[in-house]
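> First the structure, which I've put down as structure tokens, then a few questions once you've had a look.
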Amino acid sequence: MTDRVLPEQIRNFGIIAHVDHGKSTLADRILQLTGAVSDRDMREQYLDRLYIERERGITIKSQAVTLQWDCDATQYVLNMVDTPGHVDFTYEVSRSLAACEAAVILVDATQGVEAQTLANLHLAIENNLLIIPVLSKVDLPSADVEGATLELSEVLECRVEDVMHVSGKTGYGVKELLDLIVRKAPPPKGDVTSAPRALIFDSIYDSYRGVVTYVKMCDGTIRVGDKIRMMSTGAEHTLLEVGVSNPEPQSRHSLSVGEVGYFITGVKDVRKSRVGDTITTDTHTATVPLPGYSNPKPMVFSGIYPLNGNEYSALREGLDRLKLSDASIVYTPETSAALGFGFRCGFLGLLHMEIVSERLNREFGLATISTAPSVAYEITPDGEKTLVVMNPSDFPSGKIKEIKEPTVKVSILSPKEYIGSIMELCQARRGVMQGIEYFGSVRAELIYVMPLAEIVFDFFDSLKSRTKGYASFDYNPEGSQPADLVKVDILLQGNKVDAFSAIVHSSKAYSYGSSISKRLSELIPRQQFEVPIQAAIGSRVVARETIRAVRKDVVAKCYGGDITRKRKLLERQKQGKARMKLIGRVEVPQEVFVATLSSYK
């Protein structure tokens, strides 16, 4: 591949879709068809490098690959970006699309248009991309090709004939798709003579080479040896290597307008190559950064503690190393009276939280326990400044003037027959309906504004069970709203157990308190004395369960005789148990914490 490629011969496109609609399989066939990967070296989900991606069959990190394709007797360079499909990684999708001029919207012929399809479509439209509608999995017996084609054409307001049919499994229609991309997608724009500007759309950590930064050149040329500058932080580095992924790394002398490739500077911290930032050079410095950069904000917070208290420093080291490859993790040290030393971590969503816990276990051999997920509340105590509270333990005591909770705009796509049960679920979760839109004769999109706290527990599971698995949903931050929230504490023998505290809506305080009290009463071993488990809001107890005492039969040795002898023994036992209740402590086994907290994730 020559170093200099004319912008007119470059086509940059992304593949976007809902989870499990065949993005990575289509990418595999494109790699084979263009000759980038030989049949011998080919494997499923070739671009998904993380073992979790391969096991779960999902894409977590965006991947860009440079391919060559001949069309109309001219050789073109195709830069293909395979993006994540899960709602947690929407920011990553939006920055990846900023590196493209066209987007292939992929819809599973067996599933039809789903919520994340619409969300990604809106992202593509915001980035002014040419939309190429494609129906995948058309070879499956269960595929409703005609119905899905009609639905996709209605959503995009295009002709039915414009929707392409492909099969990533068999390769049907893939050649025609690549030809269409070359003919319809616009070439990249940019000025080769102006100050260099490169958009960072992804960065990964390589244990041998340090941070590998994936970029799209928007203006100018950047060469090996140039001193580059990050426009958001002003940090400067010398460029050690420039190249493209083909799909394996292939070093080059330079990258110019329209090209997509990677930079290596030897930096070991991925936070210094922030996704969405603009790179320029020290000698010919650009003054205006590329638009759209923002730091992805964590939406869900949870405490992570090592099961073995001696592994606190190992957990810190594990999180530090994960942060190298995933800049969106946020964590600060915290202490729990029940669980010991750990970290309060911020995540993009529940899937992100699950993946981080799994990577800590698999990559660093750390067994951890996570507290129930919570969100960030804005709490204003009477006569004091507003506090941002992410941990129920930090909930202020005393009179509170106002509490605000974060809200999200939720889009739910479902077959029409389940609309009633979905509306019932959303209303139970304090959702406010914003609108409903029908697609064809079988599907509808429901728009709700809901508190984020109501969807981080089990909303997805409840939605799937009420719709037999057919509904899908997507959400975006919407702002915040005042709410009637309270802190529910769980007391064992009158002592608070901070690991079980939660901030909940006042209407759900009783149900939360009674359910967790009941669960604890079933899990905590019986003691020599009676143990009360109470759920309390401040000093007011809202729910209670009692673990009955283990009772020794002290009169077993009395085979007859005077009844007063038995009464004396029973009275002595009663006094001993009363004394034990005063001074006794309830030891809660680690397994009880694990079982109780895991049931509330």
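Just so you know, glycine gets a Cβ as well, placed from its N, Cα and C.
If you look up Swiss-Prot, you'll see 8-189 marked as domain 'tr-type G'. According to Swiss-Prot, the GTP binding site annotation covers ASP20, HIS21, GLY22, LYS23, SER24, THR25.
Context for these features, please: burial, neighbours, distances.
All protein chains shown were included, and the count of other CB atoms within 10 Å of the CB of LYS23 (GTP binding site) stands at 27.
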> Within a 10 Å radius of its Cβ, which of these binding-site residues (SER24, THR25) has the fewest neighbouring Cβ atoms?
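Sparsest of the binding-site residues SER24, THR25 by Cβ contacts within 10 Å: THR25.
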> For ASP20 (GTP binding site), list the number of other Cβ atoms lying within 10 Å of its Cβ atom.
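If we count other Cβ atoms within 10 Å of ASP20 (GTP binding site), we arrive at 16.
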> Which chain-mates of GLY22 (GTP binding site) that are at least 6 residues away have a CB under 8 A from its CB, listed by sequence?
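The answer is LEU106, ASP108, SER136, LYS137, GLY168.
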> Calculate the per-residue pLDDT averaged over the domain 'tr-type G' (8-189) and state the result as an integer.
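So the average pLDDT across the domain 'tr-type G' (8-189) works out to 79.
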> Going by DSSP, give the three-state secondary structure for ASP20 (GTP binding site).
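For ASP20 (GTP binding site) - judged by DSSP and reduced to three states - the answer is coil.
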